[in-house]
Amino acid sequence: MSEFSPADEHAMRIALDQAHNAWLVGEVPVGAVILRQGQVIATGYNRPITTHDPTAHAELVALRHAAQLLENYRLPECELFVTLEPCAMCAMALMHARFKRVVFGAWDPKTGSAGSVVNLFGQPQLNHHTLIQGGLLQEACGQLLRDFFAERRAVKRAERAQRAQRAAGEDILPAAAPLPGADRLPTFPAERMPLPEVVEGEPLADDAIFRDDPACCGGHGAS
């Protein structure tokens, strides 16, 4: 029997939506949602870059909204769902706020403070102990992060390649875009197509760039 209910999964999917919002503005995709008596009262996503605030992790953004809404810095009736295991900063803030339960998705082997690196929630010296559970929709939460960082690495590789080309004095040409309406142009049987007139000493045009241009295959860029 799973330790998570359908309501828990629904809450984590809301947190995943928030994580997607973080990606859209160039932040590491981590999202959070806070529930009180089963009702969503606050959401948040990573915003340290866009707000120039190193403390603006998803958990703390949501926590600030909830505390202001309830006009109380202690939230003992609240539960928080976050897509990534909390760091030390967020873990201590959640315990100071007296959350009764914290649920996260993916484990963080580098800075996770709910068991991966250290379990701050389990320290016996603390006056308040928050129930901590991990692994809810772990694959979806982890895959979102993997996709984000894979895209970031690809962009960095492309930038390094361009810098190397410039340093070598090579021309960097933008990819040729497909001609508007090219798919509606008429086609002709091969036997009816006239051969181009070749002037001695004048090279034929090389159309390989149009045949092999990846821009003709579509795709979308990074946000």
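Note that the numbers count up from 1, one per residue, in the order the chain is shown.
Any Cβ shown, glycine's included, is placed from N, Cα and C.
On a predicted model such as this, the values are computed, not experimentally measured, just so you know.
According to TrEMBL, the feature domain 'CMP/dCMP-type deaminase' maps to 6-139. Along the domain 'CMP/dCMP-type deaminase' (6-139), the predicted structure has mean pLDDT 97.
Here TrEMBL flags His57, Cys87, Cys90 as Zn(2+) binding site. For the recorded site, His57 (Zn(2+) binding site), the DSSP three-state label reads coil. Long-range Cβ neighbours of His57 (Zn(2+) binding site) (same chain, at least 6 residues apart, Cβ-Cβ under 8 Å): Val30, Asn46, Pro48, Cys87, Met89, Cys90.
Residues or ranges marked as active site, proton donor in TrEMBL: Glu59.
According to TrEMBL, the feature region 'Disordered' maps to 166-194.
Taking the mean position of the Cβ atoms of His57, Cys87, Cys90 as the Zn(2+) site, the remaining residues of that chain whose Cβ falls within 8 Å of it are Ala58, Glu59, Leu60, Pro86, Ala88, Met89, Ala91, Ala93. Cys87 (Zn(2+) binding site) has a Cβ environment of 20 other Cβ atoms inside 10 Å. Of all the recorded positions listed here (Glu59, Cys90), the one with the fewest other CB atoms within 10 A of its own CB is Cys90.
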